[in-house]
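Over in TrEMBL, the protein carries these features:
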| type | residues | note |
| --- | --- | --- |
| BINDING | B:Asp30, B:Ser45, B:Asp75 | Mg(2+) 4 binding site |
| BINDING | B:Asp30, B:Asp75, B:Asp209 | Mg(2+) 3 binding site |
| BINDING | B:Asp47, B:Asp75 | Mg(2+) 2 binding site |
| BINDING | B:Asp47, B:Asp122 | Mg(2+) 1 binding site |
| BINDING | B:His54, B:Asp259, B:Phe311 | substrate binding site |
| BINDING | B:Gly121, B:Asp122, B:Arg146, B:Ser211 | ATP binding site |
| DOMAIN | B:28-138 | domain 'PurM-like N-terminal' |
| DOMAIN | B:150-297 | domain 'PurM-like C-terminal' |
Protein chains: 2
Amino acid sequence: MGEFELIRRYFLPLAGRQESGSLILGPGDDCAIQRIPAGRDLVFSVDALVEGVHFPRNYRPDYLGWRALAAAASDLAAMGADPECFTLALTLPAVDEQWLEDFSMGLRKASEAFGLELAGGDTTSGPLTLSLQVHGTVEQGAGIRRSGARPGDLIAVSGTLGDAGAALDYLSEPAPSADMLAVLERYHHPWPRLDLAGAIRQYATAAVDISDGLLADLGHILSASGVGARIESARMPLSPALVRLKGEKALDCALRSGDDYELCLCFSRENWERAPESLKRQLTVIGFVDAEPGLYLDGVDCSLEAVPAGFDHFRSEL
Amino acid sequence: MGEFELIRRYFLPLAGRQESGSLILGPGDDCAIQRIPAGRDLVFSVDALVEGVHFPRNYRPDYLGWRALAAAASDLAAMGADPECFTLALTLPAVDEQWLEDFSMGLRKASEAFGLELAGGDTTSGPLTLSLQVHGTVEQGAGIRRSGARPGDLIAVSGTLGDAGAALDYLSEPAPSADMLAVLERYHHPWPRLDLAGAIRQYATAAVDISDGLLADLGHILSASGVGARIESARMPLSPALVRLKGEKALDCALRSGDDYELCLCFSRENWERAPESLKRQLTVIGFVDAEPGLYLDGVDCSLEAVPAGFDHFRSEL
């Protein structure tokens, strides 16, 4: 199969699916063209995923398609942006039709679930690597940055943390228990919190998505905002499955493992008080922002842990 | 060196360089933010480059930085778009500081030459692969597409063709002649024809950049426009260096080899007549668009050659 046939068969069905979208020219030309509505800004982010680094070798291609787009879309959620479209740069060792069919199916499900239309891309021969760039929009000036946290702000996280990290221990489990299946599902099918984007841009002062672990990602907010934080381990939202599987180590998963794609958010007390219950119900307050630098967990400074250490083990965004 | 330090040292200097740009939030947050001026559309394209496929193994990193951005920017030129910014997804086998310094220097030179500011990116551990997405803008509705060619239009190309393709034979030449150096320079430092973008969107009916070879890329215009073409080999613009190096095979380089990043353009006769001499001087008319399908070179149909054959040897854009 030639490359153009490959694209026509597996990827063009992902284009032109969002009728209300801002894309006015999709795949098939030198460039795509997007018309940003008046009064709105373009918000965009690129994520690279490498086999053996960001996902296991011989990982199920339908899961890969979903996870890759979910991970990228999570950055839009963290800005409070509404999703629009995405591009895909895919390098593949060989044309494996079954792999392509499964991969594109997972990608299509995610594309539909997240409201992200395929705008264009590039497919080449090479080691299995993906690079996805997602485009969203926000009202001008409404994008939530990492730098907006102020002393006294409350710090909250969405959902529960640590499940996806714990799942790494069970990827090869031949007969997984119900609890294992629950955390594996969090790893294989993360849901970026795009549902919270509208409320976030209305009430949050700062936001980051949790892709490298809570301590590391909260650390990004603190350094960008020039503040410190005090958080409490007893407040950390842990799923029952995680607690049953990991016992005392559940907290460690919640603090230090990534891949959950939940959000870490800051709110002024005033905003928190007037935020709707529908938002608060999905969040857990874990501490507050402090003028004094440092990331204190139960009174102990763990700032150094918040600094990602090695090139090999972290994906880091410019 | 950690990844954040790597980014700070080598890539942040490429951000924030274009004072008049539309980028309002650059690298360092979950997403970048671009404000598209009122009345303009966003134009964007992604290119993936893999070591050993799109550039030689152990290729000079400063050349790689330039070529990668030049190749991507060429797609903006082909739409008649004005350059704004770009993202870079880079996977590297290891942190080699000399390599990074040289690569980022080549990338910075191209960034300044083409007016493309770094907006964000992702750096990860993995096989040497790059993915660059370039962003430009055009007045709403002014982007030039592949599908606008009409029977009777003149077909023209910019510059001279085939030099970069011929250079592949001399990449390992220990003592290259002046002619070899001339074509090697075209390969190592292509100049996307952004200088023509303004005139193109005013006068051209269709455009494509020549990255896979004239026959293949003109073929894209013909199929997108539902037309045929008749071109003449005697009209093909060949550099003196190419003719001296390749003799009778020079034409073959011009027709079938890529990497020159010149443009292939169509013009209605009316537009051609009123186009300024400053534009025409940089173009060579090589034939005309025909209602009858087929790509006829000196009267012989070579449409089949215009269809890229294999997955391994072509980069193809979605």
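Every residue gets a Cβ built from N, Cα and C, even glycine.
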Binding-site residues near B:Asp75 (Mg(2+) 4 binding site), in sequence order, restricted to B:Asp47, B:His54, B:Gly121, B:Asp122, B:Arg146, B:Asp209 and a 10 Å Cα cut-off:
B:Asp47, B:Asp209
I need the nearest neighbour of B:Asp30 (Mg(2+) 4 binding site) among the binding-site residues B:Asp47, B:His54, B:Arg146, B:Asp209, B:Ser211, using C-alpha distances.
B:Asp47
For the binding-site residues B:Asp47, B:His54, B:Asp259, which ones lie near chain A, with a CB less than 8 A from one of its CB atoms?
B:Asp47, B:His54
What does DSSP give as the helix, strand and coil breakdown of the domain 'PurM-like C-terminal' (B:150-297)?
71 helix, 33 strand, 44 coil
B:Asp122 (Mg(2+) 1 binding site) versus binding-site residues B:Ser45, B:Asp47, B:His54, B:Arg146, B:Ser211 - nearest by Cα:
B:Asp47
In the domain 'PurM-like N-terminal' (B:28-138), how many residues does DSSP call helix, how many strand, and how many coil?
37 helix, 46 strand, 28 coil
Between B:His54 (substrate binding site) and B:Asp47 (Mg(2+) 2 binding site), what C-alpha distance do you get in Å?
11
Any idea what the Cα distance is from B:Arg146 (ATP binding site) over to B:Asp209 (Mg(2+) 3 binding site), rounded to a whole Å?
10
Which binding-site residues are spatial neighbours of B:Asp259 (substrate binding site) here, meaning Cα within 10 Å, out of B:Ser45, B:Asp47, B:Gly121, B:Ser211?
B:Ser211
B:Asp209 (Mg(2+) 3 binding site) versus B:Ser45 (Mg(2+) 4 binding site) - Cα distance in angstrom:
12
Along the domain 'PurM-like N-terminal' (B:28-138), what average pLDDT does this model show?
95
Return only the integer: C-alpha distance in Å from B:Gly121 (ATP binding site) to B:Asp47 (Mg(2+) 2 binding site).
14
C-alpha of B:Asp47 (Mg(2+) 2 binding site) to C-alpha of B:Asp209 (Mg(2+) 3 binding site): distance in Å?
13
